[in-house]
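The domain 'PurM-like N-terminal' feature in TrEMBL is assigned to A:25-136. The annotation Mg(2+) 4 binding site is assigned in TrEMBL to A:Asp27, A:Ser42, A:Asp72. The Mg(2+) 3 binding site annotation in TrEMBL covers A:Asp27, A:Asp72, A:Asp208. Under the heading Mg(2+) 2 binding site, TrEMBL lists A:Asp44, A:Asp72. Residues annotated as Mg(2+) 1 binding site in TrEMBL: A:Asp44, A:Asp119. TrEMBL lists A:His51, A:Glu258, A:Tyr314 with the feature substrate binding site. The ATP binding site annotation in TrEMBL covers A:Gly118, A:Asp119, A:Arg144, A:Ser210. Positions annotated as domain 'PurM-like C-terminal' by TrEMBL: A:148-300. For A:Asp211, the entry in TrEMBL reads Mg(2+) 5 binding site.
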Protein chains: 2
Amino acid sequence: MGEFELIRRCFLQARQGPGVVTGIGDDCAVLQVPPGQQLVVSIDTLVEGVHFLPGTEPSRLATRLLGAAVSDLAATAATPAWLTLALTLPSGDADWLEPFAAALAQRAAELGISLVGGDTTRGATLTLSAQVHGLVEQGQALLRCGARAGDRILVSGTLGDSRAGLETLLKPQAVDADRAWLQQRFFRPEPRLELARHLRPRLQAGLDISDGLLADLTHLLNASGLGATVDCARLPLSPALQRIFPDQAEAWALSGGEDFELCLAVAPDQVTACQAEAQRLGVPLTDVGEFQTREGLRVRGADGRLLEGLHQGYDHFKEHA
Amino acid sequence: MGEFELIRRCFLQARQGPGVVTGIGDDCAVLQVPPGQQLVVSIDTLVEGVHFLPGTEPSRLATRLLGAAVSDLAATAATPAWLTLALTLPSGDADWLEPFAAALAQRAAELGISLVGGDTTRGATLTLSAQVHGLVEQGQALLRCGARAGDRILVSGTLGDSRAGLETLLKPQAVDADRAWLQQRFFRPEPRLELARHLRPRLQAGLDISDGLLADLTHLLNASGLGATVDCARLPLSPALQRIFPDQAEAWALSGGEDFELCLAVAPDQVTACQAEAQRLGVPLTDVGEFQTREGLRVRGADGRLLEGLHQGYDHFKEHA
């Protein structure tokens, strides 16, 4: 079977969604943005040997790729709409493509996003790029700028789990319930779409935590022209993380990366309302610190003292040399 | 310099264009589609060792990547608007990134497209994906379906040059003017944006020739439910191609791929008007055959007889094994 036929067979099962005038199979997809809405777009790449281990099941790659990409839409408080893929595969292998396409179609349906186009090429290194397109009411996109001194730093979910899940893959042992849950956190990010949309009117600024809390918070501080202090004692740590990796839990929560939780700037008088809304949606939302006028990012240890010389996050070129 | 800083320095020079509400540097770009317009999108990938030779100058990769991607917008008769990039680089090397970004910025400005976001990762194989976003009046996107029996097959420019340019790179010798021109055709595709937009009201269907005339025409036939006959004697061949590769010229014009010219379906009584308009724009537009009710794609040789067993085009998995 040739490229055209294989791709067609695997991906034409993807559903046609709202606003798709012409989907897969033409030179371009033709899409209808509803009146009063703005388009938000983001592109993300996963590379074998850098973001995942060689031999990873294709279905896990599909959920990882899509979760990470759609998380950027959540970070903008947007509603997912359309997806395009650029896949570079070592071989045109149905054993890989079929389970990948099936898992992708299922996860895309769950997240409300429609595959509308793509490009598949051969290449030595398995490389997967996803561009996501979302919609947001005119002027309502959540951005990194806009935090104010005195705003609280809220984070959704728990932090450090994804890094812990990776660790259990790097140093495999028997996979108990905790390790399976941590691996799920790595392979199946849950974009906080509902949370972001519901909280949007109460938020000053926000982003998703892909590079690690400290690194991403630094982006937010740079964009907003502020400093901040984070309290380690307040970091939301999952029971599984604390049980399996008690010694690394705090460091990974600060700098582990790829948690795909939200980091939000909220006025102090809105914190309680935000937390009540989050509770209603079943998502923890934890106050971990404060935005401040004084520049720089400070981290207060569990003993109340400021920590020094922290690694600020994930940098592909430094970390994976 | 870390990833963030390097990328920022290289790509923030990209211009902010119309409709860019929030560009590079947030979780998503926020974009404004004007009322009455539809969004068209396409994604394209170049992989080292598959689409270009190792060691190719980064500036040439920038023009190749952008030309090929924007050609899909031309094929839809759309106006270019926004660009996102997914780059996978073997190293975070300023010697590569800076000339790439500079050439990209210049070519993007020429083509009227604004870089609004991207993702850069490390990986063993240099892999470049570009997603282009264009705008088209409601319902006016040029599609592959809609050709009718009796319509003429028109192609823009000359065919086979890009394949010839690649050949001069694969078997290097002294680069004379002809070879330099053919290489330019490979590295600097010229999307037929103006031509497509001007001819749009007279066109039934169309696409761009990326996989080779026969392969792409087959896509058009499948989408339109038709057959066709192409006359080899009418194929537009450049003087350079005929001088340097007289024996391969016809085969490459039929199946060489990556010409990024347009293949259009035009009613017989509109051909003269289309050609006059193309001449005004300085682009050859050649009638190479006819759409027919009878299924299948037939090729008539220069001697008037139908050819058999032609290779229909470019297939990554077959061709680059």
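Quick reminder: no glycine exception, Cβ is built from N, Cα and C everywhere.
Taking Cβ-Cβ distances under 8 Å and a sequence separation of 6 or more, the neighbours of A:Asp72 (Mg(2+) 4 binding site) in its chain are A:Ser42, A:Asp44, A:Val132, A:Asp208.
For the binding-site residues A:Asp27, A:His51, A:Asp119, a Cα to Cα distance of within 10 angstroms from A:Ser210 (ATP binding site) holds for none. Checking the binding-site residues A:Asp44, A:His51, A:Asp119, A:Asp208, A:Glu258 against chain B with a Cβ-Cβ cut-off of under 8 Å leaves A:Asp44, A:His51, A:Asp119, A:Asp208. Of all the Cβ atoms in the protein chains shown, 23 others lie within 10 Å of the Cβ of A:Ser210 (ATP binding site).
Checked against A:Gly118 (ATP binding site) by C-alpha proximity, the binding-site residues A:Asp27, A:His51, A:Asp211, A:Glu258 yield A:Asp27 as the nearest. A straight line from the CA of A:Asp119 (Mg(2+) 1 binding site) to the CA of A:Glu258 (substrate binding site) spans 26 Å.
DSSP gives A:Asp72 (Mg(2+) 4 binding site) a helix state.
DSSP assigns A:His51 (substrate binding site) to coil in the three-state reduction, placing it in neither a helix nor a strand.
Here the domain 'PurM-like N-terminal' (A:25-136) is broken down by DSSP into helix, strand and coil counts: 36 helix, 46 strand, 30 coil.
Counting in whole angstrom, A:Glu258 (substrate binding site) lies 6 from A:Asp211 (Mg(2+) 5 binding site) by their C-alpha atoms. Each residue contributes its Cα atom, and for A:Arg144 (ATP binding site) and A:Asp27 (Mg(2+) 4 binding site) these two points are 34 Å apart. Around the Cβ of the residue listed as 'Mg(2+) 5 binding site', the number of neighbouring Cβ atoms within 10 Å comes to 24.
Distance from the CA of the residue listed as 'Mg(2+) 5 binding site' to the CA of A:His51 (substrate binding site) is 12 Å. Looking just at the domain 'PurM-like N-terminal' (A:25-136), the mean pLDDT is 94. Residue pair A:Asp211 (Mg(2+) 5 binding site) / A:Asp27 (Mg(2+) 4 binding site) shows a Cα separation of 34 Å. Listed binding-site residues: A:Asp27, A:Asp44, A:Asp208. The one with the lowest count of other Cβ atoms within 10 Å of its Cβ is A:Asp44. The DSSP secondary structure for A:Arg144 (ATP binding site) is coil.
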